[in-house]
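Worksheet: one structure, shown below.
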Amino acid sequence: MCAILTVIPLMRMAALRYSVPSGAPSRTGCDACGAPVGLTRPWPALGPAARCGRCRARVGPPPGTVELAGLAAVLLLALAVPSGGALPALAWWLGWTIPAVFVDLAVHRLPDRLTLPAAAGTWLLLGVAALDAEPGHWLRAAIGGAGLALFFASSTLLLGHRGFGLGDAKLALSAGALLGWYGWPVLVLGLLVAFGLSALVSVGLLAVRRARWSTHLPFGPFLLLGAVSAILLAG
Ligand SMILES: [Zn+2]
């Protein structure tokens, strides 16, 4: 529990730091007054209130949201089946993917600085778990991760802006590996939930005229929700 309490401000800091347009330098302080926000001065900017300590302006993701996501992650880790030692990989993946999704929601991109460590650690931890599990797990994880990433990346090449982004492909590298580890039905279910939710939200936004046909929703949040629901249902 204590570990989570220290990790949540770190997730908040990552989301705040990388929620900037592509190519812009990462954010190091409050947008309104420039007061630095970092681990040396975490409070209250990296707390649930998400307010600058000097000018009280809001900094980073909305108050309480990262905290809620962090608690949901703890719940998931408690409820998920420990399938062949996959829990450390799942914990690692959530720790990086939750801030990445907050960045995706804010500025519609998934930064390499979050998706690549997520992928490297997930593959490594699944590799460690594979020493003890049946070899099928690792093989499915490798095929799932690489296959899903290739599928997303090829949609970028074939469809350009109408396809997925390369950030989605890098997130798929880890999400596909985790889902593949749990089994092919879990991988398929995760994708179905992700695509289904994204379609539902698109139609909903169209209906209330908050979006047009050409609007492009970020896909990272749906991939996270799809993966999490499939892993929960795997038990
Ligand atoms: Zn400020």
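Placed from the backbone N, Cα and C atoms, the Cβ positions cover glycine too.
Per TrEMBL, the features are as follows:
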TRANSMEM  68-94  transmembrane segment
DOMAIN    95-195  domain 'Prepilin type IV endopeptidase peptidase'
TRANSMEM  114-131  transmembrane segment
TRANSMEM  138-161  transmembrane segment
TRANSMEM  181-208  transmembrane segment
TRANSMEM  215-234  transmembrane segment
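Only pairs six or more apart in sequence are counted, and the transmembrane segment (215-234) with the transmembrane segment (114-131) gives fewer than three Cβ pairs under 8 Å, not enough to call it a contact.
Residue counts for the domain 'Prepilin type IV endopeptidase peptidase' (95-195) under DSSP, split into helix (H, G, I), strand (E, B) and coil, are 89 helix, 0 strand, 12 coil.
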